[in-house]
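Undergrad: Structure below; questions to follow.
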Amino acid sequence: MPGGKKVAGGGSSGATPTSAAATAPSGVRRLETSEGTSAQRDEEPEEEGEEDLRDGGVPFFVNRGGLPVDEATWERMWKHVAKIHPDGEKVAQRIRGATDLPKIPIPSVPTFQPSTPVPERLEAVQRYIRELQYNHTGTQFFEIKKSRPLTGLMDLAKEMTKEALPIKCLEAVILGIYLTNSMPTLERFPISFKTYFSGNYFRHIVLGVNFAGRYGALGMSRREDLMYKPPAFRTLSELVLDFEAAYGRCWHVLKKVKLGQSVSHDPHSVEQIEWKHSVLDVERLGRDDFRKELERHARDMRLKIGKGTGPPSPTKDRKKDVSSPQRAQSSPHRRNSRSERRPSGDKKTSEPKAMPDLNGYQIRV
């Protein structure tokens with residue numbers, strides 16, 4: 001996975017440890033602090049795809065055997081459900097022993113008329129993601145390797161629409177990319193969050209979007225204000241700070257934000273998604289610098305698209321699009337440089353659009 005620029009600078013928040021910048025072999029700019037090894041140890045397991053195989057201190061599993069789920073994975077899932085659910089084994093036995101479980105309807109993949117406005121399309125995409133429901137089992141059904149080329153991830157997203165199984169946040173990001181490939185005027189980029197609550201770290205990811213200069217997000221969460229945001233935020237910093245406020249309402253403290261680069265609209269692209277172009281340490285940066293770095297990242301994305309190295313409007317027709325829900329034009333542009341990395345900030349909060357409550361029984365997000 002390509003490295004990005006990590007920003008963990010001083011800022012204005014109280015006493016900050018003395019630090020000196022050092023360049024890691026991967027090209028990620030690291031800051032060595034007096035906390036030294038503990039700070040670096042905290043960095044190593046940060047992989048949103050599997051959340052370090054822990055979700056707020058609670059282990060969770062990934063189905064690596066594909067579908068249909070093999071018996072060993074199936075039994076492990078139910079054993080884990082019995083362990084983490086408040087009703088323990090009773091709930092697993094009640095579901096597995098039932099003979100009259102209702103048939104779950106399969107949501108329809110959204111389709112659009114050419115005249116349908118992009119904001120309405122985004123609402124439909126989010127509604128579809130929401131209808132798949134959040135996966136509370138503790139076993140992620142689709143294995144997502146973030147280093148896979150985009151074309152492989154789009155094939156996986158297509159499989160998600162066929163299976164219509166509950167998903168977690170990273171799966172929702174891949175699905176969101178797939179379902180918006182036919183919207184060339186919509187910029188898409190990953191936004192990852194690391195928060196702290198009650199002695200544990202939690203990780204979450206959404207798909208940031210930018211349409212007509214307004215920012216929003218698509219995603220999946222146990223909490224309605226940590227996924228969908230309509231494209232109504234004037235700046236990237238407003239969007240991120242709105243997520244931070246949502247975290248604050250469930251007593252989570254935002255620790256880090258990772259911002260990726262714009263994702264190509266070409267479902268057949270062999271390039272990888274750039275997940276961590278900017279890594280921002282919220283505490284060390286301080287409020288003003290945090291906003292500045294967020295806005296710098298937004299400028300980087302605009303400049304990259306302006307230079308023709310990002311995903312602009314598609315220019316080439318494809319007769320058959322096997323990895324997109326609709327037949328659409330696809331972008332042949334490839335990003336030329338993965339080493340041009342800088343992060344981006346500004347503040348204001350906007351009312352998020354109300355979504356149905358996911359009503360999780362845990363405070364994990």
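Cβ from N, Cα, C; glycine included.
The active site annotation in Swiss-Prot covers Cys169, His204, Ser221. Under the heading compositional bias 'Gly residues', Swiss-Prot lists 1-13. Among the features that Swiss-Prot reports, compositional bias 'Low complexity' is placed at 14-27. Residues or ranges marked as compositional bias 'Acidic residues' in Swiss-Prot: 43-53. Under the heading compositional bias 'Basic and acidic residues', Swiss-Prot lists 337-351. According to Swiss-Prot, the region 'Disordered' annotation covers 1-59, 299-365. For 319-365, the entry in Swiss-Prot reads region 'Involved in heparin-binding and antiangiogenic activity', with the evidence type experimental evidence.
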Undergrad: To the nearest whole angstrom, what is the C-alpha distance linking His204 (active site) and Cys169 (active site)?
TA: 7
Undergrad: Mean pLDDT for the region 'Involved in heparin-binding and antiangiogenic activity' (319-365), as a whole number?
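TA: Here the mean pLDDT over the region 'Involved in heparin-binding and antiangiogenic activity' (319-365) amounts to 46.
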Undergrad: Quick one: pull the CA-CA distance for Ser221 (active site) versus Cys169 (active site), whole Å only.
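TA: Ser221 (active site) and Cys169 (active site) have their Cα atoms 6 Å apart.
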Undergrad: When neighbour density is defined as the number of other C-beta atoms within 10 angstroms of a residue's C-beta, which of the active-site residues Cys169, His204, Ser221 has the lowest density?
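TA: Fewest other Cβ atoms within 10 Å, among the active-site residues Cys169, His204, Ser221, is found for Ser221.
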Undergrad: Determine, from DSSP, whether Ser221 (active site) sits in helix, strand or coil.
TA: coil
